[in-house]
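What Swiss-Prot annotates here:
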DOMAIN    163-332  domain 'Helicase ATP-binding'
BINDING   D176, E177, V178, G179, L180, G181, K182, T183  ATP binding site
MOTIF     278-281  motif 'DEAH box'
DOMAIN    491-655  domain 'Helicase C-terminal'
Amino acid sequence: MPFALGQRWISDTESELGLGTVVQVEGRMVTVLFPATGENRMFSRAEAPLTRVIYNPGDSVESHEGWSLAVSELTEKDGIVIYHGIHSETGEQVTLRETLLNHNIRFNKPQDRLFAGQIDRLDRFGVRYQCQMLRHKLASSDLLGLQGPRVGLIPHQMWIAHEVGRRYAPRVLLADEVGLGKTIEAGLIIHQQLLTGRAERILIIVPDTLRHQWLVEMLRRFNLRFSVFDEDRCVEAYADHDNPFYTEQLVICSLELLRKKKRLDQALDADWDLLVVDEAHHLEWTEEAPSRAYQVVEALSEVIPGVLLLTATPDQLGHESHFARLRLLDPDRFYDYDAFLAEEDSYKDVAIAAEALAGNTKLPDAAINSLTELLGEKDISPSIRLIQADGIDAEVQQAARSELLQELLDRHGTGRVLYRNSRASVKGFPKRFFNAYPHAMPDQYQTAARVSGMMGGHKSLEAKAAQALSPEKLYQEFEDNSASWWKFDPRVDWLIEFLKSHRSKKVLIIASQAETALSLEEALRTREGIQATVFHEGMSIIERDKAGAYFAQEEGGAQALICSEIGSEGRNFQFASHLVLFDLPLNPDLLEQRIGRLDRIGQKNDIQIHLPYLEDTAQERLMQWYHQGLNAFELTCPSGHVLYSEFAEDLLNVLAVDDSDELTNLLNHTQSRYKELKHAMEQGRDKLLEINSHGGEKAMAIVQRLAQNDGDTHLIGSVIRLWDIIGVDQEDKGENSIILRPSEHMMFPTYPGLPEDGVTVTFDRDTALSRDDIALITQEHPLVQTGLDLITGSETGTTSVAILKNKALPAGTLFLELIYMADASAPKSSQLYRYLPPTPIRVLLDKNGNDLSAKVDYASFDKQLSAVNRHIGGKLVTASQPILHPLFAKGEEYAQVVVDEMVAQAREKMTQQLSAERSRLESLKAVNPNIREEELEYLRNQMQELNTYLDASQLQLDAIRMVLVSHV
């Protein structure tokens with residue numbers, strides 16, 4: 001290489017050193033100073049990994065003093081290049097010796113990197129292009145936010161999330177029956193709002209006991225890292241900010257924390273985008289005296305744009321309480337309870353018409369009259385004729401029914417603010433079978449109970465009942481905590497025999513206390529060597545994950561998982577169908593929560609519920625109340641909370657004192673009240689609301705599209721290649737899973753989201769659903785998103801040189817492949833990506849400037865190419881420079897035409913969609929007051945903003961591949 005003092009070179013292996021200057025040439029060695037870092041490097045002149053930096057006419061270069069020069073020509077003197085051109089500040093004709101170039105120059109533009117000899121590997125160019133294609137596919141999908149969560153593809157859940165999640169600042173009541181997945185629906189909406197940029201700051205308010213459950217659900221299912229705030233956390237946060245809520249974007253806290261005026265004031269001042277309130281049916285309200293809890297949520301809902309309330313079914317706690325929750329969502333709309341009741345009465349005609357349309361028979365005259373009256377502003381006679389006619393194609397008739405149903409949904413009821421699914425309207429649940437196993441009370445327990453009775457005269461009824469339900473706890477109080485009650489308790493003997501006779505079955509065992517769960521594991525292990533694992537609140541999230549994974553393993557896994565009451569919250573084990581209740585909780589909601597660990601959509605088998613109990617004890621009496629009074633073992637009991645509230649005192653009396661007459665009276669009264677409530681709920685079912693809530697065929701279509709995406713082998717291949725390029729170690733673990741670990745040769749110093757000790761992942765949804773310790777990889781997963789950002793946000797793959805071995809073409813034939821991106825910088829919240837997603841534009845030029853991209857697709861072209869080393873590639877680029885420069889200008893012309901067309905189409909699509917949606921909402925607002933003015937205002941502003949962003953869109957060259965034909 002011809003070196004001269006003062007020449008500027010760049011290191012091929014350490015480009016971060018910046019522009020170097022030759023400071024010594026002696027014998028066979030050359031020394032280069034890199035002023036940006038102050039470092040010297042000595043190289044062999046013959047094999048120096050250096051590339052000469054020479055700019056060309058038309059380039060802009062910067063001097064060490066900071067001014068720029070537009071190069072018009074260059075000359076050389078004593079091996080030093082002198083640039084001639086116009087001074088950027090004075091406009092004068094000046095010269096600039098290369099020695100005086102700014103040494104901080106970085107070659108960020110692909111063409112600068114190409115001419116500077118910074119040529120990347122061929123496979124990295126391919127991965128970069130695939131990454132840009134994946135980003136385009138994700139951003140342009142109308143299902144953005146629904147694919148990534150580790151949840152089953154349940155139609156009604158996906159429908160609600162799809163409908164609500166894409167709204168601006170949704171204000172909605174989620175009121176599905178227990179077991180239908182309100183938490184998942186809320187999580188899907190949160191995930192969608194975050195991914196689409198509609199929300200950035202989210203506050204979730206939950207009961208104290210559910211904070212950990214929500215934290216786990218958000219992390220494990222939705223890859224969302226929330227922070228739990230309590231008083232201690234708020235005090236700690238003062239070091240970072242006066243308002244602790246500003247220290248995190250995603251926060252979970254209890255209502256108890258916000259009862260304090262100081263904390264509530266801080267929360268009100270924290271600029272949240274979305275408020276989520278779980279167990280909202282516990283917010284008590286009357287017009288004269290709303291509770292403090294209600295006032296807290298009301299104050300927050302007045303300043304936070306989006307609100308999701310998760311609640312029991314509306315009829316579960318009465319209409320006034322239902323109205324109170326709707327009032328939180330829209331106080332202008334739901335301002336008066338009596339007016340609300342009158343309006344609800346008018347819905348009956350709508351429900352009758354909806355029920356008739358939902359069927360498959362001809363419409364009765366009463367339904368036709370109702371429809372004509374309800375949809376008076378629209379001529380519905382053509383649709384009615386189609387539905388009533390004989391010999392019409394079934395699909396045509398169904399389309400007519402669906403159209404009229406949609407008109408009803410749009411115009412009447414609380415369909416936009418309330419979603420309620422019931423088990424009656426959602427199919428796919430297993431049957432539940434109850435099996436009870438009576439056992440005699442051991443002498444040891446009887447003695448402990450007698451002693452306790454003599455000593456505990458001042459205990460409350462509730463304390464006495466709890467004591468009677470857990471005799472093993474009472475026994476330990478009098479012996480000591482290490483007393484081995486499990487050695488004589490007949491329920492333990494039964495459990496061991498049950499597990500031995502069901503060796504091939506997975507069995508979930510739930511007990512009230514963590515200590516009981518630990519003792520049971522010890523008993524199974526020491527007495528029979530049965531493989532079991534425990535799951536309780538004293539364990540960390542990771543420990544629970546490992547226990548759950550051990551239980552889920554088909555081969556070599558635990559036969560039984562023993563959970564405590566609190567420890568099992570939020571965890572589901574649909575792969576098991578046998579549930580052993582070692583004891584009973586006092587609250588019907590907790591009993592349903594236990595059964596709900598198995599009784600969920602996605603459970604493939606009927607559920608067998610097993611209860612070993614001690615005869616003639618509180619355990620038997622509570623079992624009778626649940627089974628005979630509420631039928632709570634074999635059916636869900638939506639009225640359980642109300643019934644417990646009404647009969648709690650009588651029930652506690654019966655549990656604390658054995659009185660058969662009192663028990664009989666309690667059972668009779670409970671049965672009677674249960675039937676009343678059940679009948680009232682059946683009468684209150686709103687067919688139109690149910691149709692709107694489960695989505696019907698539209699929901700199924702969404703699920704089918706998501707399932708097709710799950711099976712996308714192209715995505716799997718692209719992600720695997722992405723990890724290969726970055727340097728992530730991948731170990732096949734079997735069972736559809738891979739272990740990812742950082743390697744010693746990572747391309748980037750850090751890979752956010754990839755732990756040092758690795759993570760187990762799968763591309764298979766069923767595998768991820770059965771294993772809490774395995775992450776589900778989709779294109780929405782943070783590990784994929786981060787990988788895409790690492791590649792596309794760096795210079796990786798921006799330049800490449802390849803050889804095309806094809807004897808049909810003359811040797812030396814040159815092709816230039818250019819990848820452009822339409823750059824329309826806009827905040828994610830603008831939703832610009834819906835109309836103009838980041839789209840790679842490929843141009844393939846021959847040496848004459850003809851674009852061949854339409855004739856030669858990327859994949860077939862790429863397969864024919866071979867890599868060349870960096871040194872040879874640099875020489876080929878240098879030799880081809882006279883041809884390349886005019887080709888870049890030509891390529892930009894072609895790409896600009898494409899971008900202009902894309903922008904025009906995006907503008908047309910945006911105007912058409914938003915205008916149609918605005919017109920629809922404006923016309924509906926006249927007949928349905930549930931259309932909020934804020935939504936209309938948002939659409940008007942959005943159109944103006946998007947037009948501004950589209951006007952400012954620019955073309956950006958993202959990557960270059962130079963290809964030369966060779967016959968060697």
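Just so you know, glycine gets a Cβ as well, placed from its N, Cα and C.
Excluding D176, E177, V178, G179, L180, G181, K182, T183 themselves, the residues of that chain whose CB lies within 8 A of the CB mean position for the ATP site are, in sequence, E185, N421.
DSSP places the residues of the motif 'DEAH box' (278-281) in helix, strand and coil in these numbers: 2 helix, 0 strand, 2 coil. Cβ neighbour count for E177 (ATP binding site): 20 (other Cβ atoms within 10 Å of its Cβ, all protein chains included).
Listed as Cβ neighbours of the motif 'DEAH box' (278-281) (distance under 8 Å, sequence separation of 6 or more from its ends, same chain) are residues 173, 183, 186, 204-207, 210, 214, 297, 309-312, 316-317, 321, 325, 328. For the binding-site residues shown (V178, L180), fewest C-beta neighbours within 10 angstroms: V178. In this structure, of the binding-site residues G179, G181, the smallest number of CB atoms within 10 A of the CB marks G179. The C-beta environment of K182 (ATP binding site), restricted to residues of the same chain at least 6 apart in sequence and closer than 8 Å, consists of L174, A175, D176, L310.
For the binding-site residues shown (D176, T183), fewest C-beta neighbours within 10 angstroms: T183. Secondary structure from DSSP puts K182 (ATP binding site) in a helix.
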